[in-house]
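Heads up, the thing below is written out as structure tokens.
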Amino acid sequence: MTEIVAFDNVVKRYPGGKLALDRVSLSLARGEMAFLTGHSGAGKSTLMKLIGLIERPTRGRVVINGTDLARVSRRQVPRYRQRVGLIFQNYNLLFDRTVFDNVALPLVIRGQAHRDITRRVRAALDTVGLLSHEKKFPITLSGGEQQRVGIARAVVNRPHLLLADEPTGNLDPELSADIMRLFTRLNETGTSIMIATHDIDLVEAMRYRRIVLDHGHLEQA
Amino acid sequence: MPTASGQRDMRTRLADSAAADSAKGWAAAHARCLLESLGRLSRRWIASALTILVIGIALALPSGLFVVVKNMDRLAGQWHQSVQISVYLDNDLAPEAGQQLADDLRDDKRVDKTQFVSAEQGLDEFKKASGFGAALDALGNNPLPGVIQVTPRANLAPAAVGELVAALGQRDTVAKASLDQAWLRRLTAILDLLSRASWVIGLLLSAAVVFIVGNTIRLDIENRRQEIEVMKLLGASDAFIRRPFLYSGLWYGLLGAFVALLVLGVCRLALGGSLATLVSSYDGALAIQGLGASGVLWLILAGLGLGWVGCVITVNRELAAIEPR
């Protein structure tokens, strides 16, 4: 099994009738990094939500790391999500906790021992270059730094798959390039990464596969 | 080369230490949560303090009433013990027959003791006490009947005392048996009413505490909607998200119980002066009792329990409504 993400004829129709994804079949190889692009409303977010089990497909099959998501019951969703690293456009940090506590959250949720938490949070912060900021509160950081905290939080659990939904949407080009370089480095250490973005310039500057969505249809790039 | 049993030992030991680690982790997680929820309360301390104050007053009212009823019950009990029934004998009954009747009555198991006062003794006492000696001498014959003073057993219920009085009054040689106990019966009825009222009020205010805690937790969850969504996205189970809120409920209940104890203490201080006057008028026969150790324990348990219930009925419903979109 070499695929970490496999979509097979996936249809997603929202209540109210809007067809967000129409018979989409795609795959991401283990250790691969790919961009998911398309105009806004093309179905990028819906695709990400299906992988994060925030939504369920209307028809078709989604298999992540060998797990058919249709078999993941509502009770099992938390355990499943602990194995997927999610990165958001608006960072989704908790502003009443320090950088350290934000990054530690996935480990606390998994009930890791205190010793391990400290070690792994430091390692994750070191990876994103924010080790010296661990005692600060997110509000005192720049947008680029906040997103790096978000990335540290996503990788601290060593997930087999990283999903980033418009991670550079709120950042200027220079900071965006920084973040992309960070993803490249993470990918080089073996993490599979799927990045949804509409920043075409940035994507074209990098040599990675593009998955293009257009009105819910997959375009062969 | 390790033997098979050595390997098994190693494996058991590893499993044991893993179990110990996870148990330790579980305990540590709960301890952390307990403190964290207290931290949450203190971060919005004005709102928390108001909630705790309201809970405290709601708990103090029935507890205070309970203390009042308990003391009044003891007081009424002491009055009951001083009850005596006067059994007036027929005028023509011989003193010997009177004494015999007094002795017979003592065999009744409802009766504690009896004392026969003959007509002559009664007249003597009355002469001494009233100072009408000369006037009574002028009457010629003794107008007073013989009397038996009957003291019922201390633990006899007021209704049973009434039955005893009626039974005594119907005896052949008895003219009349009387007991001025109507006011005591009324007092007992009032105390019974108060006692029931304290239960009803306690029940209503308990419901109030449950709703106060529930509503406070609901607002807290509403304020933390974004945080809860993020936690769910990071794979937090419902139990994990619920835990700090449940601990908040326990804190509200516990601190509310402490406030209730404080309120009761302040009330006792405020009423101390007039209570002391009342107590001294009973020559020390009366001592005011507080809640007592078991009462304090029950109050704290009630606070914790109500806080917990208020939380549980709110948290599950509210958290299910929050799903990341």
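Positions of Cβ are set from backbone N, Cα and C atoms, glycine also.
Since this is a predicted model, take the numbers as computed values, not measurements.
What TrEMBL says about this one:
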TRANSMEM  B:45-69  transmembrane segment
DOMAIN    B:83-175  domain 'FtsX extracellular'
TRANSMEM  B:197-217  transmembrane segment
DOMAIN    B:200-316  domain 'ABC3 transporter permease C-terminal'
TRANSMEM  B:250-271  transmembrane segment
TRANSMEM  B:291-315  transmembrane segment
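Of the ranges B:197-217, B:250-271, B:291-315, the one with the most Cβ pairs under 8 Å to the transmembrane segment (B:45-69) is B:250-271. Counting same-chain residues at least six beyond the ends of the transmembrane segment (B:197-217), those with a Cβ under 8 angstroms from any Cβ of the stretch are 47, 51, 54-55, 58-59, 61-62, 65-66, 69, 245, 248-249, 252-253, 256, 302-303, 306-307, 309-311, 313-315, 318. Counting residues of the domain 'ABC3 transporter permease C-terminal' (B:200-316) by DSSP class, helix then strand then coil, yields 102 helix, 0 strand, 15 coil.
Residue counts of the domain 'FtsX extracellular' (B:83-175) by helix, strand and coil are 40 helix, 20 strand, 33 coil (DSSP-based).
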